[in-house]
Amino acid sequence: MRARFLHDCPAPAKLNLFLHVNGRRADGYHLLQTVFQMVDHGDLLHFDLRADGRIRRTTEVPGVPEESDLIVRALVLLQAACEERHGHPPPGIDVAIDKRLPMGGGLGGGSSDAATALMVANALWQAGLTREELMALALPLGADIPFFIFGQTAFAEGVGEALQAVEAPDCWYLVIEPGVAVPTAAIFCSEQLTRDTAPVRITDFSRHTMKHTVFKGFGKNDLQAVAVSLFPPVAQAIDWLSAHGDARMTGSGACVFCAFSSETEADTVLQQVPGVWKAWKAKALMHHPLNTVLQVSAVIE
Ligand SMILES: C[C@](O)(CO)[C@H](O)COP(=O)(O)OP(=O)(O)OC[C@H]1O[C@@H](n2ccc(N)nc2=O)[C@H](O)[C@@H]1O
Ligand SMILES: Nc1ncnc2c1ncn2[C@@H]1O[C@H](COP(=O)(O)OP(=O)(O)OP(=O)(O)O)[C@@H](O)[C@H]1O
């Protein structure tokens, strides 16, 4: 029997362990190299099928109208693809969100929500799209969405769509939210941005990280200098966290992270974070936690 709901579906945050800008395409998008690392902290989504074919977000998200929510836009695309494939439209769906990830945080919250929605609806609707088909469907909505659907730690190139699985240290991360929202486009538009970092190879990353139990010392985040100059709270968080290790920014900011080899070490530093900032610890995830949820629910069906 077809399942009619799936609750408590994780949409984890990602960290960009390093992020190099290697060039710019003719359409203005930037060519990047990065390693995407999922962590066990994120949003939680709840899905219920509807009889009437409508796609609704049932939770208010401040600053994001329902029709522009990446979840809703992604599901509208999948609904059309499903109808084209099967000759009839799938049912509608209600999506509720427990939003934990800050917007404009560089943690990929909106992208992760959209990826989780696509993977869950693909299962609930029995739409039958492959992982690769879902990734291609999602790319026009956001450069980070294909990674979450790919579902494992990845070395990414292009605008983030050329993905290869890679191993990264099995460590803990402390993340500070500096309390500002950084608009990604503003960072990429900046004249200060350097766009000529020499390409690295995936084997350079692997060789480097094999020597360490925590992530540190490989590459840099080319977007950080611009974000730091435009958003002083980002600079303050990096300065503070740098006393405890190789602190850097994720994505286009604003969040800042540092790796630790144990939960205890991460806790020790977490307790010292100044009260003006929200901060949390999280463990590196090698695989998307939704994979387990979908496998278990398939068994229950
Ligand atoms: C910086 C990263 O977070 C790294 O993971 C992502 O590449 C950004 O991904 P995202 O937030 O999904 O961003 P998108 O919604 O795709 O793009 C927002 C804007 O950032 C700029 N942009 C984004 C990605 C990219 N490779 N080059 C760009 O120039 C474009 O002006 C684009 O209009
Ligand atoms: N479900 C959603 N959750 C959060 N933001 C959304 C959502 N849908 C659309 N958005 C829009 O996307 C913008 C970016 O949000 P997101 O949380 O992905 O930022 P981010 O962490 O900086 O992402 P990235 O690392 O990909 O740059 C928000 O400012 C918001 O306008």
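In case you wondered, yes, glycine gets a Cβ from its N, Cα and C as well.
Under the heading active site, TrEMBL lists Lys14, Asp144. Positions annotated as domain 'GHMP kinase N-terminal' by TrEMBL: 71-152. According to TrEMBL, the ATP binding site annotation covers Pro102, Met103, Gly104, Gly105, Gly106, Leu107, Gly108, Gly109, Gly110, Ser111, Ser112. Annotation source TrEMBL lists domain 'GHMP kinase C-terminal' at 221-278.
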CB contacts for Gly108 (ATP binding site) [other CB atoms within 10 A, all chains]: 29
Just checking the binding-site residues Pro102, Gly108, Ser112: which sit within 10 A of Lys14 (active site), CA to CA? Gly108, Ser112
Would you pick out, from the binding-site residues Pro102, Gly104, Gly106, Gly110, the residue whose Cβ has the largest number of other Cβ atoms within 10 Å? Gly106
Under a threshold of 6 Å between Cβ and any atom of ligand 1, which of the binding-site residues Pro102, Gly104, Gly110, Ser112 are retained? none
Given the recorded positions Lys14, Pro102, Ser112, return the subset with CB under 6 A from an atom of ligand 2, ordered by sequence, or none if empty. none
With an 8 Å cut-off on Cβ-Cβ distance and a minimum sequence separation of at least 6, pull the same-chain contacts of Asp144 (active site), or say none. Lys14, Phe36, Gly108, Ser111, Ser112, Gly160, Gly251
List the residues in the vicinity of the ATP site, defined as same-chain residues other than Pro102, Met103, Gly104, Gly105, Gly106, Leu107, Gly108, Gly109, Gly110, Ser111, Ser112 with C-beta within 8 angstroms of the site's C-beta centre. Ala13, Leu101, Gly251
